[in-house]
Amino acid sequence: MTAIIDIVGREILDSRGNPTVEVDVVLEDGSFGRAAVPSGASTGAHEAVELRDGGSRYLGKGVEKAVEVVNGKIFDAIAGMDAESQLLIDQTLIDLDGSANKGNLGANAILGVSLAVAKAAAQASGLPLYRYVGGTNAHVLPVPMMNIINGGAHADNPIDFQEFMILPVGATSIREAVRYGSEVFHTLKKRLKDAGHNTNVGDEGGFAPNLKNAQAALDFIMESIEKAGFKPGEDIALGLDCAATEFFKDGNYVYEGERKTRDPKAQAKYLAKLASDYPIVTIEDGMAEDDWEGWKYLTDLIGNKCQLVGDDLFVTNSARLRDGIRLGVANSILVKVNQIGSLSETLDAVETAHKAGYTAVMSHRSGETEDSTIADLAVATNCGQIKTGSLARSDRTAKYNQLIRIEEELGKQARYAGRSALKLL
C-alpha cells in the first residue's frame, strides 16, 4: 500500500528568484508528498554538490538536469519500493550516485526525493511529519535564532559578519517567542529609520544598514530589545553568524569593512571580547572551515561558556563532525538538509551530535521556498533550536507559522526549549 508508484520533479523558483528542484511522490494508496529544495549563498567547500545546468538559461543556474535525474534515473531506481523504508531508499540513491559529494545525481535531486518520500509515508501513516520522523517523544519546540541584521555575503554594507540574531530564551512558548521577535524586529526598524538608515530587508528578511562594524550592529539590537520592553540576556539573548570562511585570506581574517586584519588568535580573542561585552550565547562559524587550529583555540578559550556552532566546518556531515568531536573543536552543529543531501544522513548528524553532548541547530538556507519541512524536523529531532531567518518574507515566516501550528497540535505535550536549549545557560 505504501509502494512508490510515481515521482515527478519540476523546476520552480526559490526566494531569490533562482531555480530550484521540487519533487512530488505518489504512493500506491494515493498518499502524496511534496518537497522543495533550498540553496545557500555562502556555501561550505565540503558541502554536497547541487546539479546546475550551466549555459545562458537562468544565467547558468537552471536545474533541468536535476529534474531529468529525478524523473529518470531516480524513479527507475526506487519505483515500487516501500516509502516507509526511508533508510533503504536514501542508501539506494547514495549508492546510485556513487560519489563522495553527490555530484553525479546532484544533492538537490536526491534531497527533493528523500524529503518527498518521507512526507508521502507520513501521510500514508496518518501522522504529521514531525511525529512520523520523530516518534512519540517529538514534543520540544525550538528556540528560534532570528536574523535581524545582515552583513557579509547577505548584504552590501561594511559589516563583515553575516548575521546578527536574537534568541527569545525567556519566552514560555513558540507563540510567545515569535511575538518577542516580531516586537524587537519592528522596534529595530523604527530605530534604524530614525537614525537615517535604510530599512530594506535582505535574503533572509533582516535589515542591512550601513553600519561601521559589529559593535554598532549589536548596540542597535541591544537598544531595540530594551525599547521593546525586554531584558537583554534574560528575555532575549544574542547570537552571531560570522561566516568567517568568507573573509579568511592567506591565514588571516581580513575585515574589509573595518580595514583590519586579525590572525586566528586575535580573531578568537575578538570574539571572546564580544561575548563578554554583550549577552552573546551562540557564535556560528567564528573561524574558517579549514582553520582547525583556530577553531581549537576558540573552543578552548570560550567553549565552556558560549555555544560554538560549526556550519561550514561540519556541513551536516557526520564524518567531519566526528573529526571535530575527536579534536575537541566547537560544541554544536548547524544542520542544513541540503548540505548533506538526504533525510537519513541529516538525522544521523543530529544523533551523532547529541551522543557526543553537542547541541544541534536546524537551519534554513538563504535561498528558501515556502516549504516548511525544517520546522517539522526541528521538532522531530528535539534539537531545541532553529535558525530560519527574520520576521519578514513569507519564505521565512512559513517556518514560524508551522511551528505555531505544531505547538497548538501538541497541546499540553508541547514544551518550549527556552534556556535549556543552550546547555551552557
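Each Cβ is built from the backbone N, Cα and C atoms, and glycine gets one as well.
Cβ neighbours within 10 Å of ARG365 ((2R)-2-phosphoglycerate binding site), excluding its own Cβ and spanning all shown chains: 26. Feature annotation from Swiss-Prot assigns (2R)-2-phosphoglycerate binding site to GLN162, LYS336, ARG365, SER366, LYS387; the stated evidence is sequence analysis.
Under the heading active site, proton donor, Swiss-Prot lists GLU204.
What Swiss-Prot records for ASP241, GLU284, ASP311 is Mg(2+) binding site. Secondary structure at ASP241 (Mg(2+) binding site), as computed by DSSP, is strand.
Under the heading active site, proton acceptor, Swiss-Prot lists LYS336, citing sequence analysis as support. Around LYS336 ((2R)-2-phosphoglycerate binding site), the same-chain residues six or more apart in sequence whose CB sits under 8 Å from its CB are PRO38, GLY40, ASP311, VAL315, THR316, SER363, HIS364, ARG365, listed in sequence order. LYS336 ((2R)-2-phosphoglycerate binding site) falls within neither a helix nor a strand when secondary structure is assigned with DSSP, and so counts as coil.
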Argmin Cα dist to GLU204 (active site, proton donor) over the binding-site residues GLN162, ASP241, GLU284, SER366, LYS387 returns SER366
The largest Cα to Cα distance in Å among the residues GLN162, LYS336, ARG365, SER366, LYS387, listed in the record as binding (2R)-2-phosphoglycerate, is 17
Between the C-alpha atoms of SER366 ((2R)-2-phosphoglycerate binding site) and ASP241 (Mg(2+) binding site), the distance in angstrom, to the nearest integer, is 13
